[in-house]
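S.K.: Handing you this structure, nothing more for now.
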Amino acid sequence: MSRPNTRNKSKRPRADDCESPSAVFKKIHSTGAITKGDIKQLYMVWKPVCHGCHGNSKDSPNCFCGLIPAANGVRKSGLWQRTNEIIRALGPNPSTDLRDSTETPAGLTNLGATCYANSILQCLYMNTSFRLGIFSLEPDILKMHPVLDQLARLFAQLHSSKMAFIDSAPFIKTLELDNGVQQDSHEFLTLFLSLLEGSLSHSKVPGARTIVQHLFRGSVSHVTRCSSCGRDSEASSKMEDFYELELNIKGLNNLEQSLDDYLSTEALDGENQYFCESCQKRVDATRCIKLRSLPPVVNFQLKRYVFLPKTTTKKKISSAFSFPGQLDMGKRLSNPSSSYTYGLSAILIHKGSAANSGHYVAHVKDESNGQWWEFDDEHVSKLGLHPFGEKPGKSSNKTDQKPQGSSTADSVTNDDNNSCHEAAFTSTMEEMFSSTDAYMLMYKRIAKDENGIESNNISSNNSLPHHFVDEIDERNTSYVKECEEYESKKDVHLAYITERRQEVKSVLTEAPATPEEDSYFWISTDWLRQWADNVNPPSPIITGVRVHSSIDNSPIQCEHGKVPASKVTSMKRLSAGAWHKLFSKYGGGPTLSSDDFCMECLKDGAKNSVSADVYRDRKASLRSIAEAALAGNNPDGPLYFVSRPWLTQWLRRKNVDIPSDADSGPTIALTCTHGNLLPEHASGAKRVTVPEDLWLFLYETSGMKIDDIVTFPSDSQPCGICSQQLSVVASVEDNLRAVKLKQRQSHEKLTSGKSLALHPGQKYYLVPSSWLSEWRAYITATGKNISSLPEPQSLEVTINSLICEKHSRLLQRPLDLVCKRGTITQKASNTDGLTMISESDWILFSEEWNVAHGKGLCAEIVFSKSSQDNLQSSEAVPILVEDLDQSTNDLSNDLGGREPYVRTDPEVCEECIGEKESCALVEKLNYQNEDIQVYLVRGKEAPKSIREASAAVPVPDRRTSKRSRRTTSGNSISLKVSGSTTVYQLKLMIWESLGIVKENQELHKGSVEIEDDFATLADKCIFPGDVLWVKDSEIYENRDIADEISEQKVVVQTEEGFRGTLLTSSASAQLCQDISFSD
């Protein structure tokens, strides 16, 4: 059984009776009649209605596939994009900010850098006693004190607002805080409580007037005790108020150790002895802090920042710090009590590594149900029954499990070695938490009844004050209305989208007209596609004003107002029902029915089609004639000149229906400026003769005006003027060729570029190497290039430029001497230095370049009496040591250790050359954003190849191979540097790229180590393209480069703190301002 053929299963079969458009046009042109069948063929009406194409086919007016996506399909934009994308275009949905319930706390907006204030405000609000105290304030007091008023309004919104977060801007603005500057949350709390304490003192409500002192104020005394008499100092009995206890954490692991450190006894001895009033002398003594009373809420401020005197900046201590869920403070009091048990109620967290930046969040316990919440500005997250969230996979009620201290640190274990007070860790039920970012801890006293059982004494009167009810209700009503309006707008828009989609599907379902239907209408594909794909149907533009949506068929009309067959790929064939649906709703047009085919356009198309066939056939028949003409085989009869390159390109072009622009001008390249035939030996005037038939075809299809085409029969004579000019040029070139030939023969060895063997006692002359290189290229240029290269600069001018005006000495040095196999030569160069030539060559140069023989720069090879004599001679050029071999050594031994050097007349001007080289060096070291290569070397020393590349002297304006910038296995890097880049900055780049800390880098250029971090690369003579190598000493530990960079970026400024805000205003100034607000 044979398998079915599926190779062409996706191709639609062509109807057997379908003719090609070319055949139809030929029939129309020959008969002059247009039949109904011709219309079907030319307008592709015969094509079947298709289904399931991958895209919309331009070749079929009956194809409506791809105008809309498949079922359940979507597009990136327009009517058929995802529903959520359509809704997003309506703007933000206010309902996303809806608060779940008043049982869920609300957040506060961050105005830029106000997270420090937000976290403190949330801690204060979640304290039920403090909140009730603020809510109990009299309205008259609120009017007199703007800060209290804004705080009460903020608390009221946090209490009853339907929004998930509250705008803190009015409160921040009232305090005159700079919302763009990050501040310290501890300092803010201290100053804010002080400000509140002064403002609340005007209230007549007892619970509100002293709420700050009642909740947060405790007392301590600084006790100094004489070691001799055992008496306390008089000042020891004085008590000082505190609102928080500042605890050291550096080198300490937990809260118990920090409290021990805070209450530890200090010995006063030696130079710090205390003068005892009782003993009347300086004696040894002890000093300590004693807790006299504790408030219901104790704030522990953890000193996470230490001052660095070297950089005058603060650095954060990021070590883990442990603290318990319950804390017994009774034993800490000067009069011990067992009823002072505190529970953890809030944790203020500072995220970030820098002291002057980062982010504050607060973890606060809800006193009503024991749930913990994270307050991160606008975002509020439920943490569960533990301050850092439930441990995944663990039940919170298992007493043998300790909760996680944070998401990144394990809970602290009860290790006696790490505990200062065993009593604090005896219970296996006790919860311990650990954090690397905890900045402040709030503990609230646990109230107990007479039987020692914890009691919840939270007041049930937690309702909103009556003077805020109307305001909050109005805000909530406005917000709910905004949410409802958005939902209504969304519903209307989605209903419209659904309606539009149903409309498009309905029309497109009815749109296809079968080939047999005689009644149909044409519509622009572009308009139909936009109508089917856009949310709003396309609209024409009239005088710049968009009018009602309407059908636009003007792009598919011809100049006669009908439908041309040439536009069939830009239009679709609609059924009568689909057209009437669109036209009745959108109007427009013009209406183009099945009878609106254009007879005039069809006749023109038939004529053009026949002309194209004729052109194509004629060109095909003449190709063999053109090929024979290029081969020189022409038939008898008249011949004409055409450009040979042009005819070659004409043959290479594809056979098209009409002549192209490239077919014009077959004789343009042969026509001179005088309108005559160019001589054949002129540049670009190569020609070939073609028969008359081919010429007439090229003439007719050139596309040029008749007057612009110049015909050259084969007996045409070349232009006399151009011939004469070319003869003159040829004569000049012949003379130049003879002169160059003579010079090449006269200076045969010099022309070849071979090194000249130098001998002591002979006279030589010096010529600039650059001039000699130009002269060699000039005389060796032949053929077409014989006159293309310019003549070198006058030799006399060149020689004169080598003499300095100040000292009349040479401004360049002779090239270095090289001695190989007993022969002395000069190092080869085409750009730098002076090359020595023989006396005979100089005599010939004098004659050829009209230079006086006496102006020559003389030189000779001499031997020094000793190596010291050679070094002391200013005009001496030393021999290259690396080129010495055994023969040279034998020669040197025969000469008694003397070395050859070049003696010049005039002498070399070392002063001017040194000044010029210094300027060039300075200019070269003044570079910007250039590449250097750094290799990482593992081992004791760098490989020889790297050392030599690193020590190589850079060549001016050298081109560096791209391959030299490739890295191999991460062992080399290419860095962009400038001459002003410091060694320190370069080491930071290497640190970032190769991971070697700055202190461990042993950086070298060649064998010289690069030191002094403050020196620039220009100071160290490091040039563009240089190769350096670095080795890791591994002496210092690795650390993060971010620490180094952040320290460098910190600009030391005087800390302003809260200067200029109400938090630092005096009480009198605050009172005056309060009165002015009330006015």
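Placed from the backbone N, Cα and C atoms, the Cβ positions cover glycine too.
For reference, Swiss-Prot lists these features for the protein:
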- CYS115: active site, nucleophile (ACT_SITE)
- HIS359: active site, proton acceptor (ACT_SITE)
- 1-12: compositional bias 'Basic residues' (COMPBIAS)
- 388-401: compositional bias 'Basic and acidic residues' (COMPBIAS)
- 402-417: compositional bias 'Polar residues' (COMPBIAS)
- 106-446: domain 'USP' (DOMAIN)
- 495-598: domain 'DUSP 1' (DOMAIN)
- 613-715: domain 'DUSP 2' (DOMAIN)
- 738-862: domain 'DUSP 3' (DOMAIN)
- 961-1037: domain 'Ubiquitin-like' (DOMAIN)
- 1-21: region 'Disordered' (REGION)
- 384-419: region 'Disordered' (REGION)
- 948-972: region 'Disordered' (REGION)
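How about a rundown of where these features are and what they're close to?
M.R.: DSSP classifies CYS115 (active site, nucleophile) as helix under the three-state reduction. Residue density at CYS115 (active site, nucleophile): 24 other Cβ atoms are found within 10 A of its Cβ, drawing on all protein chains shown.
Look at HIS359 (active site, proton acceptor): DSSP puts it in a strand.
Within the domain 'DUSP 1' (495-598), the DSSP-based counts of helix, strand and coil residues read 45 helix, 23 strand, 36 coil.
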S.K.: What are the sequence-distant neighbours of HIS359 (active site, proton acceptor), meaning same chain, six or more residues apart, C-beta distance under 8 angstroms?
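M.R.: Within the chain, HIS359 (active site, proton acceptor) has Cβ neighbours under 8 Å at CYS115, HIS350, LYS351, GLY352.
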S.K.: Summarise the domain 'DUSP 3' (738-862) as counts of helix, strand and coil residues per DSSP.
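M.R.: So the domain 'DUSP 3' (738-862) is made up of 50 helix, 27 strand, 48 coil.
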S.K.: Give the mean pLDDT for the domain 'DUSP 2' (613-715) on the 0 to 100 scale.
M.R.: 76
